[in-house]
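J.: Please find one structure pasted underneath; my questions will follow.
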């Protein structure tokens with residue numbers, strides 16, 4: 001993996017830093033707090049979303065809402081770009097990420113990108129990668145300066161052996177928890193056997209009950225069949241008894257109907273004896289003249305009615321003829337008045353049409369006249385009010401001329417001025433924050449240096465004079481910053497006063513008085529346009545107005561008073577004539593007179609034939625008809641009763657024959673009842689026996705069901721216990737496996753293997769690097785407990801026997817060897833403050849070691865170092881310097 005470029009926007013102290021790296025030694029130097037380590041933090045953040053801050057949003061530069069990091073690197077022939085962002089959105093935080101390979105997006109999302117980097121790009125565990133390529137501050141010195149126990153602890157942490165030992169302790173807790181979980185294993189086995197024994201006992205009882213139930217089934221079946229036979233016979237006897245009872249009921253009915261029929265026959269015989277007298281009276285009435293000459297009498301009555309109706313019609317026709325003659329004379333007398341009326345009415349209607357056609361224009365004209373007068377008055381009043389308000393507002397705003405355009409222009413100027421002031425204040429506040437932050441860093445550094453003479457970051461001895469110069473420099477820098485802060489705060493106060501003044505002016509311009517004035521101007525302009533429209537309408541409609549006035553004058557001069565009354569009389573006379581069809585009336589008058597004469601002639605003929613015809617009327621004829629019909633109906637009724645009496649006699653004979661069978665039916669009924677009594681006794685005995693057997697069967701079946709249900713529950717319990725036992729057995733097996741795994745995690749297990757492998761590899765790699773350094777050391781050995789032994793002239797010596805430079809060389813070789821052990825293909829090494837706690841000579845030695853061992857070497861293609869000491873610049877291929885300017889970190893290429 002080779003890092004080519006990293007871009008930081010609003011990341012920690014970096015506003016916008018775009019940093020390019022190269023192969024070889026990349027040195028990043030700068031004062032404490034300049035933002036050097038932020039670059040390393042950004043690399044870790046881009047790769048794995050790692051952060052050193054407590055909260056994610058704390059990585060966003062103070063005063064900003066958005067942060068972005070872009071990392072460009074090469075790995076295994078591919079070019080990659082990772083982009084991560086954090087954004088404040090109100091109270092929430094939004095994060096995003098994406099990874100691009102050879103120009104194509106591979107995946108998005110913070111966790112997905114991290115997983116892809118670990119599994120598809122680096123192909124090693126994140127922790128192993130970070131441990132192998134990132135050398136922490138003071139880590140190299142600790143490898144040779146600490147005592148053996150502490151050195152072993154440091155190496156265990158680097159190689160993750162400490163995690164195996166922690167796993168060894170954790171596995172004991174897990175095993176103890178699992179052992180407690182299987183403490184009831186024997187109890188469950190005993191409980192299982194108890195349940196199985198209970199099921200076996202239940203099964204024995206079930207077999208006995210099933211045997212009893214099988215034996216009792218044939219007896220129940222035989223009893224049920226015998227009962228069914230008896231029940232069927234009982235049903236047949238009941239049917240026969242029902243039939244006999246029905247026959248007896250029918251005979252009882254016949255006995256009652258016989259008495260009734262005999263009574264009816266006697267009653268009819270008493271009525272039939274009246275038949276001869278009724279026939280004689282009917283014959284006498286049928287020979288009466290009112291019956292024999294009935295049609296002529298009815299004709300005479302109808303002609304008499306028609307005679308009266310014709311007389312009324314003829315009188316009406318005479319009246320219509322008289323009305324017609326009188327109306328005709330009146331029409332001739334009024335004709336001249338009628339003609340004069342129509343002529344004047346036509347003239348008046350024409351004038352009215354003209355007036356109606358001009359009505360809309362006349363109404364519009366009158367409306368325009370009224371509106372002109374009203375608007376002129378309104379404009380006059382509004383101009384006075386605008387003049388008054390303009391004088392008042394002009395005095396307040398200090399503007400000579402007041403118009404809506406001038407007011408809006410002034411408002412825009414004030415808003416623009418306010419925005420500029422707000423921007424300046426925000427910028428100055430940000431500058432104050434940056435200066436205060438810088439001042440705090442300077443004061444902290446001065447406080448840490450004062451009286452100690454040691455660099456607070458790396459522990460370098462500065463000497464009294466250099467320390468005092470640096471403290472003095474920090475004091476001067478703090479004073480200058482305080483002075484700049486005060487000046488900036490005064491500038492902010494002036495800007496704030498101006499802002500208040502401009503806001504006051506804006507409030508006045510946005511006030512109700514100004515708004516009313518603008519509204520009045522706009523309304524006045526609208527009213528003036530409206531006035532012009534109405535004045536144009538008045539001029540356009542003037543001619544129509546004059547025509548309308550002339551038409552109204554002529555219309556009012558025409559008087560139809562007397563002529564209208566004469567015309568009404570003419571219309572009434574004409575209506576009478578129009579309503580009378582004179583020719584039809586004259587024709588009908590002649591026709592009705594002829595009909596009248598014909599009726600009188602026919603009535604005279606009937607009176608000659610029937611002298612007493614006048615004595616008859618409709619009521620007398622009706623009475624005769626009613627009497628005649630009554631006699632005829634009685635005659636027919638008596639003949640019908642005589643025929644019915646013969647039928648009744650036949651029915652009486654039939655009833656007597658059926659009643660004679662009653663004795664035989666009653667004997668059969670008694671015999672059937674006796675048989676039913678015997679069958680009921682038999683059924684009672686059989687049912688009693690069956691009920692007793694059924695009770696036994698029900699009790700056995702109930703017990704059988706209870707035992708089956710009990711077995712079902714027991715089987716469920718057995719299955720549950722077996723499952724629990726299987727789980728327990730799995731756990732017991734797991735405990736045994738975990739014990740074996742824990743044994744592997746013990747100090748004599750995997751950790752010992754790793755230490756052995758690591759010690760061999762680290763010894764070989766360290767030996768190779770030591771040989772390059774051309775030191776007075778023949779060999780070096782690192783044992784499994786990470787004790788370091790060096791050899792001079794074949795004599796073994798401890799690490800403490802080495803000079804400062806030699807110790808630094810061994811420490812550097814060890815750390816590079818460890819990195820290569822963790823990651824065989826390590827192509828990048830990032831060292832954060834490797835000079836920490838080193839004196840000037842040892843820093844110089846480290847520079848030489850780096851130059852001889854890493855520069856232009858194919859072992860580790862790229863090294864990135866962070867330091868605030870410039871002694872290492874000589875060993876670099878690319879040098880970058882980080883400085884703080886106005887609270888932001890700036891990165892410059894210096895070599």
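Quick reminder: no glycine exception, Cβ is built from N, Cα and C everywhere.
Swiss-Prot feature annotations, pasted as is:
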| type | residues | note |
| --- | --- | --- |
| BINDING | 32, 33, 34, 35, 36, 37, 38, 137 | ATP binding site |
| COILED | 183-253 | coiled coil |
| DOMAIN | 411-507 | domain 'Zinc-hook' |
| BINDING | 455, 458 | Zn(2+) binding site |
| COILED | 464-510 | coiled coil |
| COILED | 618-647 | coiled coil |
J.: What does DSSP give as the helix, strand and coil breakdown of the domain 'Zinc-hook' (411-507)?
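T.: Here the numbers are 83 helix, 2 strand, 12 coil.
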J.: Other residues with Cβ within 8 Å of the Cβ centroid of 32, 33, 34, 35, 36, 37, 38, 137 at the ATP site?
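T.: Near the ATP site, the remaining chain residues are 30, 866, 868, 882.
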J.: Counting only residues 6+ away in sequence within the same chain, which have a CB under 8 Å from the CB of residue 33 (ATP binding site)?
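T.: For residue 33 (ATP binding site), the qualifying residues are 441, 445, 884.
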J.: Take the Cβ of residue 36 (ATP binding site) and count every other Cβ within 10 Å, whichever protein chain it belongs to.
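T.: Within a 10 Å radius of the Cβ of residue 36 (ATP binding site) lie 25 other Cβ atoms.
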J.: Looking only at Cβ atoms, how many others are within 10 Å of the one on residue 32 (ATP binding site)?
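T.: Result for residue 32 (ATP binding site): 16 other Cβ atoms within 10 Å.
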J.: Counting across all protein chains shown, how many other Cβ atoms sit within 10 Å of the Cβ of residue 34 (ATP binding site)?
T.: 21
J.: For residue 36 (ATP binding site), name the DSSP secondary structure in the helix/strand/coil scheme.
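T.: Note: residue 36 (ATP binding site) is helical by DSSP.
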J.: Using only the Cα atoms of 32, 33, 34, 35, 36, 37, 38, 137, which the record gives as binding ATP, return the largest interatomic distance in Å, rounded to a whole number.
T.: 16
